[in-house]
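**Student:** Encoded as C-alpha cells, here's the structure I'll be asking about.
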Amino acid sequence: MYIPIEISRFAVTELGELGILQFRDLNESVNAFQRTFAHDIRRLDEIERKLRYFKLEIEKENIITNEEIDEEFAYRSRGPQEIEEMEETISLYESRVKKFNYAFDELKQQWTELVIHSLTLSGISSIFERISQTRTVRYHQVSVPQPRFSREHVDNDVMLEDLSRSSRSDIPTYVYNDQTSEGDALLNVIPSNINTSSGSTHNISKSSGLNTDNNKAHYYAQILGHSDVSLEASQPARQRGNSIGSLDDLESSRLIDSELNHPSSRILLEDINIGFVAGVIGRERLATLEKVLWRSLRGNMYMEYTDLIIPDDDRIPGVDMEDMAAFAVFAHGETLQARITKISESFGATIYSISKNSEQRREDLIDILSRKDDVKVVLQHNKEAVRIELRSIAQKISTWSMVTRKEKGIFYAMNLFNYDEGRRCLIAEGWCPTRDLARINTALYAATAQTGSNTSAVVHELNTTLEPPTYIRTNKFTQGFQNIINSYGVPKYGEVNPGLFTTVSFPFLFAVMFGDLGHGVIMTMAALFLVLFERTLAKIRSEEFQMMFEGRYMILMMGIYSMVVGFVYNDTFSRAMHLFKPGWLWPSDRKLGELVSAKLVKGYVYPVGIDPTWHHSDNALLFLNSYKMKMSILLGVVHMVFGMCLQVFNARHFRKPINIKHVFLPQLIYFLSIFGYLSITIVYKWLVDWYAVDSNGNLINNSPPSLLNMLIYMFLSPGSVEPKDSLFAGQGFVQIVLLLVALVCVPWMLLAKPLILKAEHNKIISEGYGHLGQSVPERLSYESTDSLQQHLNTSIEIDNNDVGANRSASFGSYPELTNENQSFDDHDTQVPKDADFDFGEIMMNSIIHTIEFCLSGISHTASYLRLWALSLAHAQLSQVLWSMTLLSAFNGEDTFMKPLYIMFAFYMWFVLTVGILLVMEGLSAFLHALRLHWVEFNNKFYEGTGAMFVPFSFNQNDE
C-alpha cells in the first residue's frame, strides 16, 4: 500500500475507524525513538500527561466528568492544525490550573502560619497570665508539686511552691517560714530533705537563723535571681507546665524591699529584668528540647509551655497539622537567649517575637486575626476559580482523551511504515480479510477526498511465503467459547477451528458431570440475568465480574444442558421426578423391614430418562454407576474419533495427502480395533436381555459378562474367551483379528511417512531437479505445498470503477507496481524458510508421535471416566446435603418451633447448595470439561500454532 504523505494521517484514521487491516512492522531494526514520527508521539505523551493531571484534580474536587463524546470532532479525520489547537487549549488550561493551585498552596501556607502564630500568641499570653497570677506567700517546711512565681495578694496560709531543683547535693535549698502570728516577719532556714514537684529530693546543707530584714531581702534576692547562688534541678520537669531555673536579677533592690515590706503585693513580670524566647514546636519533640536546653544552659532557665488545640474551622482539607505546643523559655542575657533560639530552631521549632506587654500582645493578636480573615476570603475565591476551570475541563476531557489516544495510535501505525523521501510517500504492508479489500479502497479514497489531493493511495495485493494471521469472526455468543480455544492455542491460518464444535460439546460434557435439573435451573436463571441486563452490567469494571460476564452465554448453555441431562438422570436436587408411569412395580403385600424386589412391567418402558423406581432402591448406586461409566466411555470414544476425523480436513487444506493415508488411517483403525470394539460390546450388552427365559423357564443367555475382564484378557490371552465372559459366538476369533490389525497399524504409523518422504527426496536429488540447499517445500510439492498458494494465486484485482482515473495516475507514479509477482519477500528479509531435509529428525518425530498416540489411546479413554466420577460425586453431595438439612427438618417432631426449624434448614440448604454444589462443583466440572477439550480432543487434530489477527482499530485502542 502506497500512501502519499499529505493524506497519510487521514488515510490511517479512516483505516483505524474501519478496523480490518493489520499492519506489519517494516522497521524492525529501527529503535522506537529513532522512527519517523517519534517526536509526534512524544508530543501526544505530553498531552496525555496533562490530561492525567486534569483527571486527578477533577477527582480531588469531586467534579462529575461528562462522559459524552463530541462525535463531530472525535469520529472523523483531523488535520494537524486541529490537533495543535487542541494542544494549545489543553496547555492554556494546564497553565491556569497550575497557577491557581500554586497560589492556593501559598495561601494555605500563609493560613497555616497565621493559625499557628495566633494560637502561639494566645498560648504565650496564657503562660504569662499563669505567672502573673502566682503569689509570693509565706513559706513552709513542706514541698509543693508545682513551682510558681506569685503576683497576686493571697492569704498567709498559702504555701509557696518549690522554686528550684538542683542536680548537685552541695547547693543549698532553703525553705522559708513566715511567722505572721508574731506580728513581724520571721524567717527560719531549716535544713531538711524536700521533695520537689518532679519527685527529686534536695538536701539542705546549710542552716542558720535569719531574722533580720536584710537577711530576708538577701534570700528573696536569691529566689528571684539577684544572688550569685544558682539553683539547679536534678532533672527537667516531665510534667506539662514548667521547669525551673535561675532568673535574671530584679531591676533594683528597691523592688525587693518593696516586696519584703508588702509580702502580699504582686510581682509584675514587666518589672523583672529578664528576657525570654517564645515559639511553637511539635508535641513529640518538646520533652527532648527541654532536656537539651536544661543541659546546655546548666539549669539557668525557666520554661513554661502549653498545648495548642487547633479548631476544626481552622483546618484545611488536605493539610495535615501535627499536634503543637507553645513554649516560653526565660533566661538572663542575650547570649543565653541566642543559644536557646538556635537550639530550638534545630529541633524544628518556629520562634516568634512576642512582647512582654499584654496590650501589645492583644494588638498583635487582633492584627493576625484580621490577616487570617483576609487570607480566608482569598482562599475561597481561589478555590471557586479552580473549580470553575475544572468544571470547564470536565466537559471536554473525555473527547480530548479519545482524540489523543486515536492520534497516538495513528502515529504508532505510521511508524510501522517505510518512508520514501524521494516520492514523499509511505509504504505500508499488512493483512486484511479478502472480502474486505473493497472496503479498504473505499476508505482510502474517502481520505483522499477529504484532503482534496490529486494523488490517491494505491493498494496492491502481494504474493508471499509468510503465514497470514488467523482471523476468526465471533459474536457475543461464540466469543467465550473461542477464548477457551485461544487459551490453548490460536489456530493456524486455514486450520480447522475447534471453537465451532466447542459451543456444543463443552456445555454438554459439563452437563454430564453436573446433571441436575434444579441446579441447572438456578444456573440458567443467573445467566439469563447477565444476558438480559448486559448493557447495564457491562459498565462494571471488576476484573472477577468481567471474567464471568464475558462467559455469560457459555454459562447459559451450561445451565440449559444441565437441565436436559438432569431430566435424563431424573434428578432434581437429588430427588426423583414421577412424571410418567414407572416401569417397575413394588409388591403390595410387603412388610416393614423386609427386603423386596420390584417387578418389571412387561411390554412397558419408561419413556424418557431413568425410571424413578431406581432412585428408591438399595441397589440404585450399582445401576447408576454402571450406566454412567459405560456412557462416559461411549461419549469419550465418539468425541476422540470425531477429533481424528478432523485431521482429514486439515490435510486436504494444507495439501498433505500423506497425512491422510499414513497418519489418519492407521490411527483410526488402531483406535477402533480396541476402543471401538469396546464401545460396540457396551451397546450390545445393553441391547441383550440377559435374564430372558425360554418356554421352559430356563435362562437363554449367560449372566452379564464383565467387559473390563474381557478387555484385559483380550491382550493377556488372545483368541480365548472364558464362557462366563462370552458375549457372542466366535468372539475369540474376532478379538484376535482386531488385535492383529491394531499391531499392524503401529509400524504403519511409525515407518510409512518417513520412508516415503526419504524416497521422494532421493528421487528429486537423483533426477537433478533440486540441490541440497533447497528447502523441503521446493522439493516435495505434494507433501509440504505452501498452504497459502491456492489463496495467493487467486489474484484479486482492484475494482476499476472504484479506482477510476486516479488509479492509472498512481500506477504511473509507482512503476514497480506493474510487477504482479511482487511479494512480501522483497520487503522482508526475515522470510521463514524450512530446514533442509533431515531423515533422522523426521524419523525421531514419527517415533515420538507413534508412541504418544498408542499410549494416549488408553489414557485418554480412561480420562473420560471423569464424566462418571464427577456426576456420581455431584449426585451424592446433593443427596447428603438434602438429608442433613431439609429432610431432617421435615422428619422432626411436630412442635411450635418446627416451622422456624424448617425455615432455618431451608436457608442452610439453599446457601450450601449455591456455595458448594453450584459454585465449587460447577467450577470443578468446568475445569474437567476444559481438560477434555484441550488434551483429549484437540490433541487428535489441532496444532494451535497460529497468530491472532489483530487489526489496527480505534475501538481496541479505546479499550
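Backbone N, Cα and C atoms are what each Cβ position is placed from, and that goes for glycine too.
Sharing the feature lines straight out of TrEMBL:
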TRANSMEM  508-533  transmembrane segment
TRANSMEM  553-570  transmembrane segment
TRANSMEM  631-651  transmembrane segment
TRANSMEM  663-687  transmembrane segment
TRANSMEM  732-751  transmembrane segment
TRANSMEM  867-890  transmembrane segment
TRANSMEM  902-930  transmembrane segment
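Where in this structure would I find these features, and how exposed are they?
**Tutor:** Within the chain, the transmembrane segment (508-533) has long-range Cβ neighbours (under 8 A, six or more residues past its boundaries) at 548-549, 552-553, 555-556, 558-569, 571-574, 577, 631-632, 635, 639, 866-867, 870-871, 874-875, 878, 913-914, 917-918, 921-922, 925-926, 928-929, 932-933.
Away from its own ends, the transmembrane segment (631-651) comes close to residues 495-496, 498, 501, 505, 509, 512, 657-660, 663-664, 667-668, 671-672, 675-676, 678-679, 682-683, 860-861, 863-868, 932, 936-942 of its chain (Cβ-Cβ under 8 Å, at least six residues beyond either end).
Remote same-chain residues near the transmembrane segment (732-751) are listed as 662-663, 666-667, 669-670, 673-674, 677, 714-715, 718-721, 846-847, 849-850, 853-854 (criterion: CB distance under 8 Å, separation of at least six residues from the stretch ends).
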**Student:** Any residues 6+ beyond the ends of the transmembrane segment (867-890) with a Cβ under 8 Å from its own?
**Tutor:** 509, 512-516, 519, 569, 571, 573-575, 624-625, 628-629, 631-632, 635-636, 898, 901-902, 904-906, 908-909, 912-913, 916-917, 921, 924-925, 928
